[in-house]
Amino acid sequence: MTDRVYPSAKPAAAAAANPAFPATKAQLYGATRPTYRPQPHHRRRSKRRCCCTFCFWLILTVLVLLLLLGIAGTVFYLLYRPHRPTFTVTSLKLSYLNLTSSSALNSRFDVTVSATNPNKKILFAYDPTSISILSGSVDVGDGTVPAFLHGKKNTTLIRTSIVTTRHPLQSEDASQLKSSMKSKNGLPLKVNLETKVKAKMGNLQTPKVGIRVSCDGIRVTLPSGKKPATASTSNAKCNVDVRFKIWKWTV
């Protein structure tokens, strides 16, 4: 009887030991690729915490300062009851006002302004005060008043004479002024005062602040002879504006 020959199992084992060529991607990278594990970001978290802490303390500091300022302002108001000074144009006289053929202005004004301090515990110290008189937008006179101290519950009269000689005007300003001088209702005038003032309360005093006073509603007829013309000031109203300078800007 003939013996049957069976194939040996060694070739299969050899095939398993030597994989097919070329190798697949799974065979190249699958077994050797390390597992991805995200690293914790401790530095970013610490930076965020520092930023949040800084913002918190900054906002808290600002709020505390505002609260303290509010308390101080309330105490100051209750102790001193501060009020703004008031101003009134009590008298204005025009001696002459004319324009030459070359549009040069000559004028003379005598002005009296009444300043009232209504405060019982506060006095005001004024720097030299500049006074300007305008008709419409045309400047017809400028002067200066010396510095003075405004006492408590006191009314002070500010008197000055403003003389202008051969002041050149632009052609548009000269035409506007000539038209106003012909008005039957009289020449409209406006008086402006501008200075700096500080308040004093015993040994305490505030920094100087700018103050501007605008008095409108004044009318005067041109004098016909040597006698000065008296302006009508019954309808005059004066507005007081406090001006604060912050760096280059004036508020």
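Quick reminder: no glycine exception, Cβ is built from N, Cα and C everywhere.
Heads up, TrEMBL stuff is auto-annotated, nobody curated it.
Here TrEMBL flags 54-80 as transmembrane segment.
DSSP places the residues of the domain 'Late embryogenesis abundant protein LEA-2 subgroup' (112-215) in helix, strand and coil in these numbers: 11 helix, 67 strand, 26 coil. Annotated domain 'Late embryogenesis abundant protein LEA-2 subgroup' per TrEMBL: 112-215, in sequence order.
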I'm checking region-level scores; what's the whole-number mean pLDDT for the domain 'Late embryogenesis abundant protein LEA-2 subgroup' (112-215)? 93
